[in-house]
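Since the structure comes first, as structure tokens, the remarks are kept for the end.
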Amino acid sequence: MGAEVAVLREAKALLVAEAGCSALVEVVAVEMRADVFVDGALWMSTALTPGDWEDYAYGAAFSGDLVARADEIDRVDVRVEGGAAAIDVRLRTRRASALRAPQPSLPGCSLPASLGGDVRRERPRRLFAPLAPEAVWRMGRALLPAQTMHQATGAVHAAAFADRAGAPVFVREDVGRRNAVDKLVGAMLRAGTDPQDGFAYLSSRCALELVAKLARAGVRVVAAVSAPTSAVIDFADREGVALAAFARDGRFTVYAHPELFDLSAK
């Protein structure tokens, strides 16, 4: 049986543009934690958009080599409470290849621990001097010319750290957006970069795991060219991270902690 959960949610936001600021109510996609059980034993945890539970369970079981045919699944039980889902796949028979330790997630769908709790910081949170919006726009214009691999292939993501003037300090590219962020954090760690001295800019969607990785590194402002989900908005609000999505063409929308931007001239 299924469980009815809203897939969209309204979020208060602030549009910051060269012409000024205006309050908005945006519609965002809901993202929630889901623990997948097989015959009552935890198999994996992930984050997903609620709905189509049975389809997801069958597809994940097939992709994860638990089953080879739909008729190998007896039923799927779904329970949603406390903002998380428990999906229990009941098998008719278990394939020999499935008799292995539970996996934390399917490939490409890793779940940040922050979805279930606070991020563990290596640096204590400090006061952050508000950032000028113009810095975000400058970094946005500078990103594509700095993406040499993307220009050659069109196939890679970028994660950048810019200084407070909006000039790129590090730009790291990878076919995986998580890998690009890991490379960026690694570059910052190796160089001893103070995350207070700038902000992060992502070429991809403003995903929860990416923002969680950056928050753990001490980054207080994250800008991204595309949209956030409900989970990343909640995380950023709780962890004191300013979240600027749709950062392009001389504008961005702030979903969390607008006070970390200097909007006095807007």
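For all residues, glycine too, the Cβ spot is worked out from N, Cα and C.
As written in TrEMBL, here are the features:
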ACT_SITE  CYS109  active site, cysteine persulfide intermediate
BINDING   PHE246, ALA247, ARG248, ASP249, GLY250, ARG251  Mo-bis(molybdopterin guanine dinucleotide) binding site
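All protein chains considered, the CB of ALA247 (Mo-bis(molybdopterin guanine dinucleotide) binding site) has 25 other CB atoms within 10 Å. For GLY250 (Mo-bis(molybdopterin guanine dinucleotide) binding site), the count of additional Cβ atoms within 10 Å of its Cβ stands at 15 [all protein chains shown].
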